[in-house]
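Annotated features in Swiss-Prot:
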| type | residues | note |
| --- | --- | --- |
| COMPBIAS | 19-31 | compositional bias 'Acidic residues' |
| COMPBIAS | 56-65 | compositional bias 'Polar residues' |
| REPEAT | 133-157 | repeat 'LRR 1' |
| REPEAT | 206-227 | repeat 'LRR 4' |
| REPEAT | 229-251 | repeat 'LRR 5' |
| REPEAT | 252-274 | repeat 'LRR 6' |
| REPEAT | 298-319 | repeat 'LRR 8' |
| REPEAT | 367-388 | repeat 'LRR 11' |
| REPEAT | 436-457 | repeat 'LRR 14' |
| REPEAT | 459-481 | repeat 'LRR 15' |
| REPEAT | 482-503 | repeat 'LRR 16' |
| REPEAT | 528-549 | repeat 'LRR 18' |
| REPEAT | 597-618 | repeat 'LRR 21' |
| REPEAT | 646-668 | repeat 'LRR 23' |
| DOMAIN | 757-845 | domain 'Death' |
Amino acid sequence: MSEDGSNVEPGGFPRFESLEEPGSEISDLLDEASPYSKSKDSNQIYEANPSKDTEQSAASFTSQLDRNEEKNTGIPFSETNIADIIPLSIEESLQSSGSSETKMAEDYYPVKFPTGRKFRGRIFNGNQKGLDMKSDNFTVNLDAKGLQEFPVDIVKVKYVKYLYLDKNQIKNFQGIDPGDLLGLEILSLQENGLSSIPLEIQLFHNLKILNASYNEISQIPKELLQLENMRQLLLNSNHIDTLPSGLEHLRYLETLSLGKNMLTYIPDSLSSLKNLRILNLEYNQLTIFSKSLCFLPKLNSLNLTGNMIGSLPKEVRELKNLESLLMDHNKLTFLAVEIFQLPKIKELHLADNKLEAISPKIENFKELRLLNLDKNLLQSIPKKISHCVNLESLSLSDNNIEELPKKIRKLKNLRQLHVNRNKMITMTEEISHLSNIHILEFSGNQITHVPIEIKNCRKITRVELNYNNIMYFPVGLCALQSLDYLSFNGNYISEIPVDMSFSKQLLHLELNRNKLTVFSKHLCSLTNLEYLDLAKNQIMTIPSCISAMVSLHVLILSDNKFESFPKELCSLKNLRVLDISENKLQKIPLEISKLKRIQKLNLSNNIFTNFPVELCQLQTLEELNISQTSGKKLTRLPEEVSHMTQLKILNISNNAIKDIPKNIGELRSLVSFYASNNQISSLPSSFLSLEVLQSLDLRGNNMTALPSGIYKLSSLKEINFDDNPLMRPPMEICKGKEMHMITCYLQRADERDEKILEKIFNIVANSITETNFEFLQQKLNMASSANNMPVRPTTPLNERIYQALIKWKAEKDVQFTATALRDKLFRALNMIGAYDIMDKITALNLYTSAIKL
């Protein structure tokens, strides 16, 4: 249910409830999916929220997605891998003229996000208002319903066009008749654990799109090749090692995605797919760029990322319509000159290869928009790159480049330039002529200064110059009115110039690991600054003018020279995160209560003698770290800590705290409690009130027992009691929880201890004299047990002793574990001087310990 109690996803999309039993009847679900069951928004559109941390190559996808949303078109795939081919306008393409020559490639785009990310979307659900039985646009979504069989009841819905069965356990299509689902055009079977594509697939004659990614399919059946209307076939993340013969039957196929399989070669028959526009073969085991790939006349996008290809064939020049070539993470040592005969290439990804040089013929790439040459062995870039006048993104990081060509100034459309971790000593002035540059990254070089002419790059928004040899803050950057992100970590800057006060538009500033000795007053003029990192400098005080920094949300001052908490910080009323760890703070001022919005506070590795109770006034605090790996140790956690009712994460590790406050249970929001390497011997009973606690770390303490009801912490997922006197946590911790492995371990441990105790009883029974056994009975208070046992006159002594010990164990089982009884028996044997028996028991213990190890 949504937060408001409705059965609707955010954005207005219907939410399906889970089936009670896998494989149960789905007619109710079909009724729920029916447009007649509920009134739904007729203008539902596809929603997407890609991560901001994407490659530059995703920019074109983002803009196309925006256009798509403006048109209210949608995506039929409820979830697909972000590295797969993402459909952008299925509805539009399938409702076109109906011709088999439909140009679906325009509705698809190969997305190059970091591999492994998941793209979550929702099915298109438009045109439902007024839908009747004559409609040919019905969608059924049965994702993650626990289905084990194909839902044959689906045939009750006559006009199913899009069917989604992702994340079930469907293995076959039994029960489907040839006449059923004749109108089905899209079928998605992601994550069903399929070992093969069901042969019944051939019955869906009108199928145009099949997505069977994330299964365990090892081969493509010939029956699939009979689906002549197939436009798009997605089989990513399976175990396919060969392509079948007969591919020529899929003559209308436009998209073939076989990423993350086990293909070692590409058959010549692939060249028969004359309408293929998008081919994804990323992360297979290809060692050769097959010539058959070169004779796909309509191929627009080719992804060979993550293979072991060492060279390109001359025939690559035949790919006249190729616009996007992805060959990152291969073994290319050179580029065949024929590749520079591709007139339409717009994106070329060659990162993480072994290229030593780029041919001057790169000048032929007049349409090139993106060039990624990261992680190669390049020492220079050809001057002719200046002829790539449409280039927008150039990435050269992690090479051995010493300088950029002066003619780079001609790249008037360049928006992003990444030259991190090379061998550059100077930043050429020619960069100042890049009038459209937005992002400039030169981190990890040996640059000593930034030319003043940089001020001419008026559109720059982000500059990164970390870990260079810059001694003076580049004043040219202060004139850039669009600059909002600036990072100068790991340089030798000792002061901030007055010009900095003019950069009022700056939002993010990093200057950690420099030589600053004061918090410059010029920084106080940055009234829009939200993030400031001054860690690992030599700052001792904070000026009062910091109160002018009204937008500051994150302030990092760790590893400086503060000997007292600067009261001036307490004027930052919008501060959310403060890190002032690794200093020499001894106390916290009362004024800290003025930080009304503080959420995260790191005070670790200072020299507090007592826990600063002033912190307990922070009603909005969610994370507190006051751990100590060096210096003075805290010995007490005050009861006032319970006042921080919003606290979610508390870290008091590496101190000398002995007791946890009795009212700790009042921290009802606590999710993680880190208290390793202290001197804690027990937890108070109120600890059981921490109902949302998920992580508990009590390593290296003096814990001898845990509250018996700790199993009531139903949210607990991670526990660590290593290096405590506990033999093991009590069984109650794990019973009924999701820690089945621990439960099994504890059960086996109990069984093992029981067997060891029985062996010890046998040793005692077969070794002790009758006189000594009488003494042993007295020490163990078991005389009554032995005397009340029915013993036959002929029963051997060792049998009588063994039965007496078993009876004693039965009486004590409720109170003591097998291990405790063993220790109790061992002490009693020592009292009566039965040293020979003790030696035998010790030998047994050593033997069992060795076996366990």
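Cβ atoms here come from the backbone N, Cα and C positions, even for glycine.
It should be emphasised that the depicted structure is a prediction, and the values quoted were computed from it without experimental measurement.
For the repeat 'LRR 18' (528-549), the residues of the chain that approach it from at least six positions outside its boundaries are 489, 504-519, 521, 555-563, 566, 568-569, 571-572, 579, judged by C-beta separation under 8 angstroms.
Across the repeat 'LRR 14' (436-457), the model assigns an average pLDDT of 96.
Sequence-distant contacts of the repeat 'LRR 8' (298-319) (same chain, six or more residues past either end, CB-CB distance under 8 Å): 105, 110, 112, 115, 254, 259, 274-289, 291, 325-336, 338-339, 341-342, 349.
Beyond its flanks by at least six residues, the repeat 'LRR 14' (436-457) meets 397, 412-429, 463-472, 474-477, 479-480, 487 of its own chain at Cβ-Cβ distances under 8 Å.
Taking H, G and I as helix, E and B as strand and the rest as coil, DSSP gives the repeat 'LRR 15' (459-481) the counts 5 helix, 3 strand, 15 coil. Away from its own ends, the repeat 'LRR 16' (482-503) comes close to residues 443, 458-473, 475, 509-518, 520, 522-523, 525-526, 533 of its chain (Cβ-Cβ under 8 Å, at least six residues beyond either end).
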